[in-house]
Structure formats: structure tokens, C-alpha cells
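Everything below concerns the one structure shown next.
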Amino acid sequence: SKMTVKAVKMGCTAPNVYSKVPDGGWGWTVAFAFFFVEALTYGILKSFGVFFNDLMESFDETNSRISWIISICVFVQTFTAPLSTVLSNRFGHRLVVMAGGVLISTGMVIASFARSVVDMYITIGVISGLGYCLSFLPTVTILSLYFDKRRSLVTAVASTGECFAVFSFAPAITALKEQIGWRYSLLSVGVLQLSIVVCGSLLRPIIIQEQEEVKAQPPEEPTETKYMLENEQTRTSIESIDSGVEITTSPSNVPGKTKAEPKSEEPKEHVQILAENNSSPPEPKTKLLDFSVMRDYSFICYAFFGLFATLGFFAPSLYIIPLSLSLGIGKDHSAYILSAMAIAEVFGRISAGWVLNKKPIRKIYIELICVVLLSVALFAFPFASEFWGLMTCSIFFGFMLGTVAGTHIPLLAEDDVVGIEKMSSAAGVYVFIQSLAGLAGPPLAGVIVDTTQNYSSAFYSCAAGMVLGAVFLSLVRPCKVGLCHCSQRGAEESAVGAAPDLPDDFIDMDIGKGENSGKGEN
């Protein structure tokens, strides 16, 4: 069957109506928008470290107090994920992303005039942090709706915008600071992030209106004649025979039937109907936030995986340069290590998307293998003692980080977790749970480093969290299979219990009653 798309005559603001998931079409434009949203959100966050020394000098603050700017921003971004889901279901993804772009830009622009680090906490941490949430999550959610077979590959490739941003923004902002200073550079970044509004305007809603195959099957006999004998040639009923027998089979005497259905004269042929309306079809009513996913044990295990795995996502990029400096590696070479990690992450994201796009494949198991290898990469950092050893660990870590970071949210749409129907609500709850680790991860690693006076201990804590995440990820599929079996067994039991207990000779009894009444009248 050919996929058809119906464009409503309302310009680019109208939803796209497809007969099935397009795996392309306007989805390529959405993927293009997601690439730039990813670059202007997570790309800027990961490049913000270029401002650290300037902020410490201007505000006369310590490194730990300045680092709380990003910690608060990441926490607000993930903690308000359910709000993003509610607003998207209420007002649509497009308006929410555009509003998020305005908030991000506003926070950055105001931060360029900040007079204390507390001002930065409010402007970048709270205002921009909320904007990051409203921009990123709805974009990745609607992108998942436009693709099915290619979902993993397209999402992974589009998410490389973050990596290209880290690779290009950091040197560009550094060069810009030397010309106009850090305040005007931050102002320029805020104005650039206003282009998220343009990206949001490209997120046209999508409606999947499936083709319905209607079979004109032989109609069931009306209730009034269900227990009457028919002749195949003449359709003469027993009532037409002069036998004096009258069979009473009214609806009140037939269990479970309350209304007789008229007989249809439609031919026995397959009719394929594609719903075509002159106006835009009404969108199905959706819950603003469906917390029923919290009753799904497979989702709970996946959420705990995200919680512990997040401990290993941010800390390595923050502590790789201090670790290299503590080993006597120069600043320039340390920067090369971070750049190599970003480039390797690009290849990791693309490779993961390509592998997960293969059919048939159990994607949750591929993700588990990647998480285990990512744990190995984190454990390897403390054993590196010179430049090339640290470079090797960084490339391996960056590649494996890309395989996990680019796929862990889109995997929510797989049937092994919650499925595409509950993707929006599940993503909000999932990222909300991640917020706890996003806020606690970097400070926890900092406390461990201060206690042990060794940067290697930060990588051990990250590796421990990743191992716990792998344990919970390994339980997702068994929980889903177990729940499906339990639900199927319960449905079968309820069906058996609801079956009417009718005697085998029900018809004979009814006919017998008719004969007795006929004899009585005679």
C-alpha cells in the first residue's frame, strides 16, 4: 500500500497527515531543525567552560562556585521535563520550542550584564535552563514521530550537532573574546541562540491516519432467525412448513443480545478505504502527562538506568583537562584531548544509529553492550599516565559515549520500553528522574576529588554509576516480557470466566418447548 500525505490548505502551520509513519517527508526538515537545536543547546552548555576563567576574575569567585552555574542550568533543564511534556501536549511542540528559544536567548543576553555570580545563577541557571528544556525535549520527541525504521539512525546523526558545536564554538568564542571581551561575546551567543525560534517554527505537527481495510463479510443472521432452520437454495424457514410448530426466539430469550441487527446485502469483497476529509481531522485527545508509565516495571528499570548512567555523562568532560594537567601534560595538548573526545563522539553517535537501524535486531541489548563498554572506558582513565594513553582513553570514551548519549532517549519509543504511543510522557518523566543525577553528579565527583586529592577518583565514581546503570538496563527486557505474559494470562482467565455457561442442548430445549406449546394448543 502506498503511503499518502494530505496537506491541508493552511500553509506551513497545518499538520502533516500521513497514512503511516513516513520515515522521511517533512521529517527530514525536522531532523535538520533538531541538528541546530542540539548545537545551540547542549553544544553551548559544553562550550561554556571557555568563560570560566573570565568569570572567576570578574566576580572574584572560586572555580566551584562558577561551576554551579552549569549545574543549576542542567538541573532546571531536566527537572522541568514533565512541564515540557504537559505544555507540548497542550499547545503543540512548535510553540513550546519557540518559547524555549526566547527564554534561552533572554537569559544569556541578561547574563552578559550580570554583576555577580548569583545573577548568573538566575539568568543562565534558571531562565536559560528552563528554555533548554522547552527546546530540546519536544524537538527530539516530534522527530521520533516522523520516523520508524530509520528512527535510530536519523536521531543519532541529527544529535551530532552537539559534537560539531563543541568542536567549533569553543575556538570561535575564544577568538571573539580577544576582540570584544567576554561580556559582548556572551551577548553574541545569546543573540545566536535566538535562531532556535526559527528551528521551532519548522516543527509541523504530524497526524498518522492509518488506512483501514474494511471487509464486507457475510452478515450474521438476525437474532429473530438465529435458531431457525434454513434451506440453502430457497432460504425457506421452518415457519413456512405447515407443521403447526412455532419457534420462539425473541431477543429476550437469547443471552447477551438486546437488539436485532438488520441483514446487509453488501457483496463479499475487500474494500479499502482511506479517510479523506476536506478539513483537518481532529487530533485525538491526549493526556497532558500520562503517569501510567510509572506502573510499567520495564520503564522503571530504564529510568534507574538513566539515573545512574547520568553520573558518568558530564563529569569526565569536566575533569579530563585537570587530570591531564596533573599528569604534567601542557594546556595545548590537554585541549587536543578534549577535541579528540568530541570528534570520537560524532562517530560513536553515527555508528550506533547505523547499527540500531539494522533489522531484525534487539536494540535494548545493543544499548547494554555499549553501556558496559562505556564503563570499561571510565575504569581505564586512572591507568593512563602520559599523553597518548590519556588520548586513547578519551577517544574510546568519546566513541562509546556517543553510542549511548545519542540513543538512550529515542529508545523509549521502542516496544521493549514503553512504545511510541507513550513516548512523550515517558520522555518527560525519564528526563525528570535524570535531573537528580545531573545536579548531584559533578559536585559529588568534586567532593571525592577534594577528599582524595586525586582526579582519578572522579572517574571511579562515574564508572560505578555506569555499572549500576548497566544492571538496571539488563532488567528492562525481562520485565517487559514478564509483564506481557502476565497480562496475556490474566486476559485469558477473564475471558474464560466471562463465557456464558449454556447447556449443550439449548436449542433442543427451546424447540421442545415450542412443540409442547403447539400440542397444548391443539
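If you go along the chain as it appears here, the first residue is 1 and each next one adds 1.
The backbone N, Cα and C atoms fix where each Cβ goes, glycine too.
Sequence annotations record features per position, and here TrEMBL assigns compositional bias 'Basic and acidic residues' to 258-271. Annotation comment: TrEMBL describes 27-481 as domain 'Major facilitator superfamily (MFS) profile'. Summarising the annotation, TrEMBL assigns region 'Disordered' to 249-271. TrEMBL lists 26-45, 65-83, 95-114, 120-146, 153-176, 182-203, 299-321, 333-352, 364-381, 387-413, 425-445, 457-476 with the feature transmembrane segment.
Within the same chain, residues 140, 144, 151-152, 155-156, 159-160, 163, 299, 302, 305-306, 309, 313, 316, 320, 323-324, 327, 329, 333, 336-338, 340-353, 356, 363-364, 367, 370-371, 373-374, 377-378, 380-381, 419-420, 423, 426-427, 430-431 sit at least 6 positions outside the transmembrane segment (387-413) and bring their C-beta atoms closer than 8 Å to a C-beta of that stretch. Contact between the transmembrane segment (182-203) and the transmembrane segment (457-476) does not hold: fewer than three of their C-beta pairs are under 8 Å, each pair 6 or more apart in sequence.
When Cβ-Cβ distances below 8 Å are used as the criterion, the transmembrane segment (364-381) is approached by residues 305, 309, 312, 316, 320, 323, 352, 355-356, 390, 393, 396-397, 400-401, 403-404, 407-408, 411, 414, 416-417, 456, 459-460, 462-463, 466-467, 469-470, 473-474, 476-477 of the same chain, each at least six residues removed from its ends. Remote same-chain partners of the transmembrane segment (425-445), defined as residues 6 or more beyond its termini with a Cβ less than 8 Å from a stretch Cβ, comprise 67, 70-72, 74-75, 77-86, 89, 133, 137, 140-141, 287, 289-291, 293-294, 299, 302-304, 306-311, 313-315, 318-319, 409, 412, 417-418, 458, 461-462, 465. Proximity of distant same-chain residues to the transmembrane segment (457-476), defined by a Cβ-Cβ separation under 8 Å and at least 6 residues beyond the stretch ends, is recorded for 298, 301-302, 304-312, 315-316, 319, 323, 364, 367-368, 371-372, 374-375, 378-379, 381-382, 416-417, 437, 441, 444-446, 448-449, 451. Per-residue confidence over the domain 'Major facilitator superfamily (MFS) profile' (27-481) averages 77 (mean pLDDT, predicted model).
The largest share of C-beta pairs under 8 angstroms with the transmembrane segment (26-45) comes from 153-176, of the ranges 65-83, 120-146, 153-176, 333-352. Taking Cβ pairs closer than 8 Å, the transmembrane segment (120-146) reaches residues 21-27, 30-31, 33-34, 37-38, 40-42, 45, 55, 68-69, 72-78, 80-81, 83-85, 87-88, 93, 96-97, 99-108, 110-111, 114, 154-155, 158-159, 196, 199-200, 203, 205-206, 208, 409-410, 413, 420, 423-424, 427-428, 431 in its own chain, all 6 or more past its ends.
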